[in-house]
């Protein structure tokens, strides 16, 4: 089952995890309004590292902060996944043709997609059976230049609006911090890990505390079919992802566990 | 590469997302102390729905609240994933032989694993290259009876301590709310979705707000090889999961996206 845009101007839902004022979101929205009707439903603050989290302990408010032709903007006191859920279930008059999340300030390649609110939102779009794309630029700075990233984002968005995506799949697109970009590669998620995860300090009351930090390590540096490799060579990486977490190959091996 | 317990008494790291006082955690720990040295590093409060979220905006504190032979307990002001990271990187003297997360009060079958803090912690264990298991009982109540769930949890834990798990894989185990349990099935993640996701209300100041709620719908009710089916028949479901989110079948289809 392919899910495609309906006839006419597509309805595009946009969110992110850096909050409604982030430069990556603004750059993305400016481009998308040339392609369709855009509704932004994004967090009112930064929700980095929120993964696929949902808000269960307080209610959500959605405030419309802008409305003009082809662009409506809401801010929500919730996570990126909350934003997608609330948009599709409550705020939008019809199901969107596409969910685009980003452009994130910072990488979501390899295993980082598991921690990423940007990719959480794209995954939630797929769970809602809407073609969905997560976009990230490998530059954490607030003033990052998204101009080249937007050119590639547009090419991917146009393809997905045209072709749809199979149900259960979504795209994780990362853009390296090089200029000019060399092109785009369709690749798999590299196997990696985070190391040196914490800084340990002592507070004024003598108690030890820990700040999360860390450094990414590519565990398969010799593989040339991964997102990490493509990015290292100056290419945009596109990883098709799936909602099914099952390790299908392991099922027959674990049959002896049955009782 | 299989990752196995070292010789001697295994070191077992336990966490959850319902917080350190939850009945499911206590029942699990009581059982695990018969199998190894147990260190609990768990949230100081409920972190349900936190998925694979990490804390980036405030530092973490770990408070040792209990220490006796074969059992040490810490509480942390962070998410389940924070707890696993902090334990493995800072609090434990050696890498654990096993991470067990749960027993969650409520289901984490099918796509619910994407929202689950319990499974986030198990996934983080796998990312840290430790064999890891997420355990859940399909009973949300605070007073849920975990006695039969613990019997099956023990069987799975013993198998994993004996055999290890392939790198990159972790287990999602759900226990139905029936007695007696019929057995255990090794199955795949069912395709499902959440519907009717919000309750809409008006606050005393006239503003609309939304509470997240919803009802799970199995999108493949006729399939007999899924976790949802096994649970509906009174069996414990065991789904082997993988850290690799790549939709490998889609890569060749998307090669035309390359630039």
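Keep in mind that glycine also has a Cβ here, set from the backbone N, Cα and C atoms.
All TrEMBL annotations are machine predictions without curation.
Record features, source TrEMBL:
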- A:17, A:18, A:48, A:104: divalent metal cation binding site (BINDING)
- A:12-195: domain 'Survival protein SurE-like phosphatase/nucleotidase' (DOMAIN)
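Least packed by the Cβ count within 10 Å, out of the binding-site residues A:17, A:18, is A:18. A sphere of 10 angstroms centred on the C-beta of residue A:48 (divalent metal cation binding site) encloses 23 other C-beta atoms. Using a cut-off of under 8 A between C-beta atoms, the binding-site residues A:17, A:18, A:48, A:104 that neighbour chain B are A:48. Averaged over the domain 'Survival protein SurE-like phosphatase/nucleotidase' (A:12-195), the predicted model reaches a pLDDT of 96. Annotation for residue A:104 (divalent metal cation binding site): spatial neighbours A:16, A:17, A:18, A:24, A:116, A:118, A:134, A:135, A:136, A:137, criterion Cβ-Cβ under 8 Å with sequence separation of six or more. Neighbouring residues of the recorded divalent metal cation site, listed in sequence order and excluding A:17, A:18, A:48, A:104, comprise A:16, A:19, A:22, A:24, A:46, A:47, A:80, A:102, A:105, A:106, A:116, A:117, A:118 (Cβ within 8 Å of the Cβ centroid). DSSP assigns residue A:104 (divalent metal cation binding site) to a strand.
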